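As given in TrEMBL:
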REPEAT    66-100  repeat 'PPR'
REPEAT    167-201  repeat 'PPR'
REPEAT    202-236  repeat 'PPR'
REPEAT    303-337  repeat 'PPR'
REPEAT    338-372  repeat 'PPR'
REPEAT    439-473  repeat 'PPR'
REPEAT    474-504  repeat 'PPR'
DOMAIN    654-746  domain 'DYW'
Amino acid sequence: MFYNIISQCLNSTTVTLFQARQAHAHILKLNLFSDSHLSKRLLSIYSNNLCFPEINHIFHSLPQPSLFTFSSVIHSFTRSNLYHHVLRIFSQLGSHDLVPDGYLIPSAIKACAALHALKTGKQVHGFVSVSGYGSDSVVMSSLVHMYLKCDQIVDAHKLFDTMPERDVVAWSAMISGYSRRGLVDKAKELFSEMRNEGVEPNLVSWNGMIAGFSSNGSYVEAVMLFQKMLLEGFSPEGTTLSCILPAIGQLEDAVMGAQVHGYVIKQGLEIDKFVVNSLLDMYGKCGCAFEMSRVFDEADQTEICFLNAFLTGLSRNGLVDTALEVFEQFKDEGMELNVVTWTSMIASCSQNGKDLEALEFFRKMQADGVEPNAVTIPSLIPACGNISALMHGKEIHCFSLRKGLFDDVYVGSALIDMYAKCGRIQLSRRCFDIMSAPNLVSWNAVMSGYSMHGKAKETIEMFHMMLQRGKKPDRISFTCVLSACAQNGLTEEGWQYFNSMSKEHGMEAKMEHYACMVTLLSRVGKLEEAYSIIKEMPYEPDACIWGALLSSCRVHHNLNLGEIAAKKLFLLEPDNPGNYILLSNIYASKSMWDEVNRIRDVMKSKGLRKNPGYSWIEIGRKVHTLLAGDKSHPQMKEILEKLDELTMKMKKSGYLPKTSFVLQDVEEQDKEEILCGHSEKLAVALGLLNTSPGEPLQVIKNLRICDDCHAAIKFISSLEGREIFVRDTNRFHHFKDGGCSCGDYW
């Protein structure tokens with residue numbers, strides 16, 4: 001009687017999961033599992049409801065499961081993307097003397113593709129070859145997809161060529177595979193070949209090519225293909241638009257982006273969240289902040305992905321304060337912000353000069369219970385390097401080790417850069433040496449660090465070590481080497497590496513490489529030779545090139561070339577006060593005070609002011625900011641008293657203030673007082689007052705260190721027995737025992 005009741009219950013088309021579980025309990029109590037019908041029915045119900053613990057229990061309780069049983073279980077796991085379980089169950093078929101059929105084999109192949117299990121996939125392929133399924137188009141298409149997913153495009157194409165029937169799905173898979181790898185010509189060739197064989201492309205074919213070209217950086221090809229698709233009468237769907245909008249954004253083609261947006265509105269696709277997300281991203285990359293804001297305002301603002309895209313777009317356009325306001329607004333409204341949101345804000349602050357805010361965001365993120373990931377840490381670490389917050393950087397390093405994130409190559413590379421910017425080049429190199437698989441970013445980071453510290457020999461050694469390890473240098477690699485040569489006046493070596501770019505590496509020199517050569521030559525006094533390079537350049541010289549020449553003209557007091565460079569800069573950067581200041585410096589060095597006053601009047605008429613000199617110093621876990629001439633720091637009285645004391649001691653040791661660097665026509669005593677107010681001196685004095693004797697000090701300045709501060713800090717390092725690191729906009733200076741690592745060449 002119980003058997004009949006249970007059977008009727010399970011066979012009912014309206015049986016609920018609760019009723020099935022009650023029936024399951026009775027089956028266990030009455031030991032009715034030997035009945036294959038009841039077991040199959042239960043398994044079918046549980047499979048449809050994706051109840052995996054019950055599925056596993058029944059499956060392993062069956063003495064001799066059938067092929068149908070295996071199929072039910074495998075298809076359930078496949079529907080839920082539990083591919084490890086798919087392969088585990090599939091591998092048990094043989095032990096039950098069962099042979100998989102044409103319905104089960106594609107599920108196993110799909111699992112191999114999803115897990116990139118190439119070895120297992122080849123084993124399944126071997127079974128297909130000997131079991132007669134080589135003519136099954138579904139099985140063969142699955143194998144082609146598997147090889148493509150496992151990045152074996154040659155094997156995929158060989159298999160594709162043997163297929164007796166190649167439908168549009170198989171053709172589209174191959175075309176998409178070549179597109180994703182940037183093999184544009186091969187993808188187009190296959191596309192044409194498909195049509196020649198009478199197989200017309202469908203929307204999936206077009207989408208596959210467009211997505212492939214877009215994701216691989218072939219943006220122009222993606223847009224051209226999109227236009228061709230429209231001309232042939234295909235109507236783009238949401239997937240198509242989500243693929244093409246990123247390419248339009250990368251090309252910064254706001255006009256085409258607006259046209260696609262119009263199509264989205266016309267087709268009513270504003271409800272497609274992928275399309276909306278792509279629109280936000282596209283407008284952000286095109287610099288259309290107003291249009292981006294309008295899309296966001298009209299979107300469903302409960303979607304966290306829209307908020308993330310909007311915040312990223314605001315930050316990309318320098319609207320970091322607006323991004324902060326939007327973030328706080330949605331946080332106050334109770335929106336559950338995820339790791340992407342927090343990471344976006346940390347990156348935004350770090351990239352827009354709000355480094356202290358980035359560190360504070362990281363603290364709040366953890367307080368809110370959001371776990372940082374391998375993207376968060378590389379976004380945060382630069383903030384520590386930017387303000388030389390070594391203690392914070394070390395704490396984040398420890399955090400990455402505890403969370404197992406250090407092995408991520410981008411985390412490791414960010415730490416290399418951070419330690420270098422914090423003056424700890426040895427720790428930077430140590431991080432590099434323990435990386436299991438450094439990539440080109442890692443090599444460039446350590447070379448950039450050595451170059452920043454003026455260590456040309458080590459930079460060049462790392463460059464050659466990189467070549468020996470089979471890494472191909474890029475333009476950043478050469479910028480590091482040329483910059484190191486410029487820092488040390490290595491003219492011959494600089495020319496050697498500059499020429500090797502085209503001769504040995506087939507690489508065209510870019511603007512930054514010419515800037516390095518102009519800097520190198522002009523610093524050693526070869527100003528005319530540097531000017532000749534500028535005139536012979538294949539590009540129109542930018543502000544960086546002319547700025548390098550003008551800066552060296554100030555050092556060498558070359559008025560003629562200085563005026564030429566300044567004239568160009570006034571056209572290129574009419575609102576940059578630094579260029580006017582540099583020319584004014586040259587006039588002041590020659591006591592041409594009328595010209596100095598003229599430049600000052602020009603600046604005043606344009607509303608330009610000299611960029612104030614800031615310096616940062618980390619004491620304990622707090623970063624202090626000192627501003628030249630500012631008296632607001634709570635310890636300013638003690639700082640100035642300490643500087644007076646040091647000045648007296650330095651003068652007794654032979655120090656003479658370099659008042660020629662005060663660009664004002666005032667008395668000598670007033671000039672000395674102005675020099676005492678320079679921010680790097682204030683920061684050093686603050687450090688001396690608040691740290692233990694002998695403890696190293698590290699200062700960062702937002703401008704180049706002046707000659708007088710450079711000379712004074714050399715004396716201070718000797719008098720106080722301190723090692724003092726100063727990082728300016730140009731390089732690192734290591735002051736120790738009265739000397740500087742730059743050898744006074746800077």
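Each residue's number is its place along the chain shown, starting with 1.
Each residue, glycine too, has its Cβ placed from N, Cα and C.
Since we're looking at a predicted model, the values are computed, not measured.
Proximity of distant same-chain residues to the repeat 'PPR' (303-337), defined by a Cβ-Cβ separation under 8 Å and at least 6 residues beyond the stretch ends, is recorded for 273, 276-277, 280-281, 283-285, 287, 289, 292-293, 296, 344-345, 347-349, 351-352, 354, 357, 368, 370. On the 0 to 100 pLDDT scale, the model's mean across the repeat 'PPR' (202-236) is 84.
Across the repeat 'PPR' (202-236), the DSSP tally of helix, strand and coil residues reads 26 helix, 0 strand, 9 coil.
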